[in-house]
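Participant: First the structure, then my questions, so here it is.
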Amino acid sequence: MSSKLVLVLNCGSSSLKFAIIDAVNGEEHLSGLAECFHLPEARLKWKMDGAKHEAALGAGAAHSEALNYIVNTILAQKPELSAQLTAIGHRIVHGGEKFTASAVINDEVLQGIKDSVPFAPLHNPAHLIGIAEALKSFPKLADKNVAVFDTAFHQTMPEESYLYALPYSLYRDHSVRRYGAHGTSHFYVTQEAAKALNKPVEEVNLITCHLGNGGSVTAVRNGKCVDTSMGLTPLEGLVMGTRSGDIDPAIIFHLHDSLGMSVDQINKMLTKESGLLGLTEVTSDCRYVEDNYESKADAKRAMDVFCHRLAKYIGAYSALMDGRLDAVIFTGGIGENAGMVRELTLNKLGLLGFEIDHERNMAARFGKSGAITKDGSRLALVIPTNEELVIAQDASRLTA
């Protein structure tokens, strides 16, 4: 077995995704999800050696109990896995302006993650808990913990992309600017697209679409991010599962002044009750929207708004390509599986020369990659993302 095994941790506010990955060949030795933290049904599901398992963590359990279970129960059955761990990689949603690349975790890095809490109030505190618990659970790897920032890939954006047209003092004194998210995914598919196009990565011009429960589009010019749809927080941009994406900011004043909603109520509505859920009034699940597009008005409405917004971003970002767009890339749970989303979106972009191939499009689902456009059309590709592999590779490289 390889000795480049990395434990990858992705701590959310109420969940913890984990995996043990070989940073050299990408092989996954363990993967799982602990979820429903702080609730009676807190549980852990995992897959090891091809077999699936599930266990209750106990009422009210959270990150600490989950990591304890991973170390003392799951890994205790395979001590050779623990023994071969060389590093721990942590996904960090927001690194502010401080981090332009992944970093070995020390006091300064921890402070930087704390400083960015206002921009990711749900995620960054959970990441800090995950780091603290990992240091406790794996004392031998104390200096081998690496933070991989979702914002890092976007730090190459020029000022005209990241500044808002607000008083400049808000940026100068309070760091209010566009940061973006999903950077690790956009980075990964950019590398993979360059291989598929047989070009050096610094020569590719792409528009990458990471579409999942959260979604963002990134303009990649000469291999670097020059603009992205998420903003100061992950609320800006596309229609998402429960997030509104772009709205007229004055809607907030209207909701407050005319409808008597509190700031907390408005925040909750925009982040947890909008997007596909808000438009369907039924669900945030894109599969419902696809399955019922022809038969239900709520599904059609949601799908049409979703694809309209996505097509607008792709069209806008084509203006940043210096006259050469190599491909549009679809990734993420929706981007990889929702053939209808891709077809309806690309059908709006005939001006850019996209012609979808229906058979290819329906074949490129469920983990399969490839071109979904006709020969002679401008290229659109499906590339399944692998953020965990990037995190494992960065952790391995920085601690070697």
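Placement of Cβ uses the backbone N, Cα and C atoms for every residue, glycine included.
What Swiss-Prot records for this protein is below:
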type: ACT_SITE; residues: Asp150; note: active site, proton donor/acceptor
type: BINDING; residues: Asn10, Glu387; note: Mg(2+) binding site
type: BINDING; residues: Arg91; note: substrate binding site
type: SITE; residues: His182; note: site 'Transition state stabilizer'
type: SITE; residues: Arg243; note: site 'Transition state stabilizer'
Participant: Pick the one among the recorded positions Arg91, His182, Arg243 whose Cβ has the fewest other Cβ atoms within 10 Å in this structure.
Facilitator: Arg91
Participant: Pull out the recorded positions from the set Asn10, Asp150, Arg243, Glu387 whose C-alpha sits within 10 Å of the C-alpha of His182 (site 'Transition state stabilizer').
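Facilitator: Qualifying among Asn10, Asp150, Arg243, Glu387: Asp150, Glu387.
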Participant: Measuring CB to CB from Glu387 (Mg(2+) binding site), give everything in the same chain under 8 Å that is also at least six residues away in sequence.
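Facilitator: In sequence order, the residues whose Cβ lies under 8 Å from that of Glu387 (Mg(2+) binding site) (at least 6 apart) are Arg91, Thr184, Ser185, Tyr188.
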Participant: Measuring Cα to Cα, tell me the gap between Arg243 (site 'Transition state stabilizer') and Asp150 (active site, proton donor/acceptor) in whole angstrom.
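Facilitator: A Cα-Cα distance of 18 Å.
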Participant: Between Asn10 (Mg(2+) binding site) and the residue listed as 'active site, proton donor/acceptor', find the distance joining the two CA atoms and give it rounded to the nearest Å.
Facilitator: 11
Participant: Fewest other Cβ atoms within 10 Å: which of the recorded positions Asn10, Asp150 wins that one? Let me know.
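Facilitator: Least crowded of the recorded positions Asn10, Asp150, by Cβ count within 10 Å, is Asn10.
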